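Accompanying notes for the structure given below.
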C-alpha cells in the first residue's frame, strides 16, 4: 500500500504517535475500474432504492410517536427506552441521511435533500445538509490531510492515549464527528442549511409546546446514546480505523446491516457509492475475488471492545495522505 506508520508504532504494545501515511492513491477508484472492466453488469445495480421514502417515513413516524408517549415518563424510563429502542431508530435515520447524501432515494438531488431534512426531524439537531457537504469530500478525498473530516484531529489523537480516554472518546464520538469539521474546515452555510435549521427548530419547538421537554429530550438522548457506546455506533470505528496496516477500509457482514441501510458493506460502498445499500451485497456476490480476501468484521460491539482494549490502536490509527499540490 505504500504506507508508513508514525513514530511509536514500531514498538510492540505501544500506541502510534502519528497517523499511517500512505503514498499511493486510495484503493477504491482503482478497484472500481477493475471490477467494472471484469463485471460490467455491476452497472445494473446503480440507481435509487424505490422503497427508501417509505422506510424513512415509517421510522420517522414511529420515533415521533414514541416521543409523544414518553411525555410524562420518568427520566429513568426515558433513558432506558432511548438506549434500547430510540437509539436504533435515530441511528437508522442518520444512516438514511448518509444514503440520501448519495442521491439514492430519487434521481433528482433536491428531492433527496428534502427527504434528508424530513429524516432529520427525530434526530433533534439539524445536520442533514451539512453532513452531505463533508461526506462527499470523504469519498472523493479519502484520507487526504485537511480535507477528509472523517479523520480525528491532532488534538483528539494526542489527548486519547489509554483505555479510559478511549472509552470517553467513544461515548462522545458523535460530538467529535459533528463538531470536528466546523472547527477544522468550516463551510459557509447556504439556503439549504438555513432551511434545515428552520424546519428542525419548528419541529423541536412543536414537540416542547404540545408534549413537553421530555419528549424532545427523548429524541436528543436517542441520538446521543446511539452514537456512543452502542452496537450501532461500532461502524464509526470499523469502517476506516486501521487494525491492519495493509488495509484502510473494512466491511462488516453482520445482522445489524438490516437496520443500518447495509452501511456495513463499506468496501463495497466506497467502491460503488451509486449503488444503494440494499443492493451492495450483490457486488460481493458478483465479484467475490475482490472482497473475500479482505479482512472484515461480524460484530460492531467487538470492534468497539477491540478499539478500547488494544493498546496499539487509537485515534491515530487512520490512513492519511498529503493534500495534492495546487498548480502554481
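Keep in mind that glycine also has a Cβ here, set from the backbone N, Cα and C atoms.
Annotated in Swiss-Prot:
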type	residues	note
MOTIF	98-102	motif 'Histidine box-1'
MOTIF	135-139	motif 'Histidine box-2'
MOTIF	266-270	motif 'Histidine box-3'
TRANSMEM	50-70	transmembrane segment
TRANSMEM	78-98	transmembrane segment
TRANSMEM	114-134	transmembrane segment
TRANSMEM	164-184	transmembrane segment
TRANSMEM	192-212	transmembrane segment
TRANSMEM	217-237	transmembrane segment
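If you count C-beta pairs under 8 angstroms between the transmembrane segment (164-184) and each of 50-70, 78-98, 114-134, 192-212, the highest count goes to 114-134.
Per-residue pLDDT, averaged along the motif 'Histidine box-1' (98-102), amounts to 98 for this model. A Cβ distance under 8 Å defines the sequence-distant neighbours of the transmembrane segment (114-134), meaning residues of its chain 6+ beyond its ends; these are 52-53, 56-57, 59-60, 63-64, 67, 89-90, 93-94, 96-98, 100-101, 105-106, 149, 178, 181, 185, 187, 189, 192-193, 195-197, 199-201, 203-204, 216, 219-220, 222-223. Non-local neighbours of the transmembrane segment (78-98) in the same chain are 52, 55-56, 59-60, 62-63, 66-67, 70, 116, 119-120, 122-123, 127-128, 131-132, 135, 214, 217-219, 221-223, 225-227, 230, 232-233, 259-261, 263; each lies 6+ residues outside the stretch with a CB under 8 Å from one of its CB atoms. Below 8 angstroms of C-beta separation, residues 64, 67-68, 71-72, 113, 117, 120-121, 124-130, 219 of the same chain, each at least six residues beyond the ends of the transmembrane segment (192-212), sit close to that stretch. Residues 63-64, 66-67, 70, 78-79, 81-83, 85-91, 94, 122-125, 167, 170-174, 177, 207, 252, 256, 259-260, 263-264, 266, 299-304, 307 of the same chain sit 6 or more residues outside the transmembrane segment (217-237) yet have a Cβ under 8 Å from a Cβ within it.
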